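According to TrEMBL, the protein has these features:
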TRANSMEM  18-41  transmembrane segment
DOMAIN    33-292  domain 'G-protein coupled receptors family 1 profile'
TRANSMEM  53-75  transmembrane segment
TRANSMEM  87-109  transmembrane segment
TRANSMEM  130-150  transmembrane segment
TRANSMEM  183-204  transmembrane segment
TRANSMEM  233-253  transmembrane segment
TRANSMEM  273-295  transmembrane segment
Amino acid sequence: MELNASGGGDSDSMQGQLIYSITMPLSSTIILANLLIILAIGCNRQLHTTPNYFFLSLLVADLGTGVALPFIPWMGLNRPLSFGSCLLVHVLPNFLFLAFLFNLVMVHYERYLSIVSPLRHRSLWVHRHFPLALLALWLPPLLFALLPAFGWNNRHASAAGGSGERCCTYRHIFPNAFIYLEVYGILAPAILSIALMTGRVLWITRGQLKDIRRLQRSVAGRGRRQLGLDLRYARCVAAVSLTFLACWVPYIIYTHVGVAFLMRPGARGNHTAHIVLSCAGVGGMAVVPLVLGLANREYTDPIRKFLRKLHNRWRRRRWDGESIAL
């Protein structure tokens with residue numbers, strides 16, 4: 001295994017600058033937006049319900065992903081770290097990412113149940129056994145992410161290959177079988193399930209829209225109200241499609257490029273492309289909860305009121321200052 005495939009301290013410095021110039025603004029935005037929505041939910045007692053608790057858990061996981069984002073592009077690059085430190089900087093971001101993914105699937109699943117079974121979804125197991133469901137969102141990701149710490153790693157194989165104890169890459173920590181299991185046993189099914197649940201919800205919405213059209217035709221024929229419903233449904237489909245393309249496609253591309261190319265032994269990849277793809281992929285994926293949160297007026301109204309108060313207070317002080325000056 002090579003030390004710094006691009007070679008040289010200047011290249012390391014340029015890679016570090018590129019990573020931090022991309023990840024720090026993105027990470028700061030993700031952290032700030034998550035904190036605002038978390039505060040909005042926490043300060044409004046009307047939002048203290050099981051669905052919002054699931055969404056709150058997702059926001060906490062997304063907050064952790066935002067914190068870990070600057071460290072993720074370094075996983076494909078070599079660093080002079082001890083094995084214990086290398087284990088920490090790989091296992092912790094991986095755990096936060098998996099917890100985020102599990103929480104995202106649960107949020108979609110709970111909302112899917114609320115659409116499919118609106119009359120009895122609150123009596124289903126996710127509501128009756130909320131603490132158990134919440135534990136299932138965090139414990140399995142933690143146990144899976146800790147498998148390299150329990151011995152499923154490439155430490156001895158890397159040492160036998162002469163890579164040294166203070167050379168740290170994902171190849172030291174994650175065996176190929178572990179990466180394949182995570183990508184095709186966890187990530188791909190999770191993304192597919194989210195896509196299927198979203199498609200099912202849109203299909204049900206389309207059926208409900210047809211029922212409303214039928215009632216309107218029986219009363220007053222086709223009019224502006226029906227056209228408005230058609231446009232609203234079209235906007236909903238467009239918004240869901242654009243969100244999927246903008247947020248998930250970069251991550252899917254990065255995942256498959258990483259599996260197909262970076263895992264080849266002795267591969268000397270384009271590290272600039274790896275850094276850009278990893279930042280765009282993971283960052284875009286972390287934006288999904290923010291899109292869901294900012295699209296919900298129950299979450300954004302407290303933020304709007306708070307910002308309006310600050311704006312009015314600033315205008316009042318400015319007006320008072322101008323009055324005194326005159």
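Glycine too: its Cβ is placed from the backbone N, Cα and C atoms.
Model confidence over the domain 'G-protein coupled receptors family 1 profile' (33-292) stands at 77, taken as the mean pLDDT rounded to a whole number. Touching of the transmembrane segment (273-295) and the transmembrane segment (87-109) is concluded from the presence of at least three CB pairs under 8 A, sequence neighbours closer than 6 excluded. Within the chain, the transmembrane segment (87-109) has long-range Cβ neighbours (under 8 A, six or more residues past its boundaries) at 54-55, 57-58, 61-62, 64-65, 67-68, 71-72, 74-75, 81, 126, 133, 136-138, 140-142, 144-146, 148-149, 153, 168, 170, 173-174, 182, 186-187, 190, 193-194, 197-198, 282, 285-286, 288-289, 292.
Same-chain residues lying 6 or more positions outside the transmembrane segment (53-75) and placing a CB less than 8 Å from one of its CB atoms are 19-20, 22-24, 26-27, 30-31, 34-35, 37-38, 41-42, 89-90, 92-93, 96-97, 99-100, 102-104, 106-107, 110, 126, 130, 133-134, 137-138, 169-170, 274-275, 278-279, 282-283, 285-286, 289-290, 292-293.
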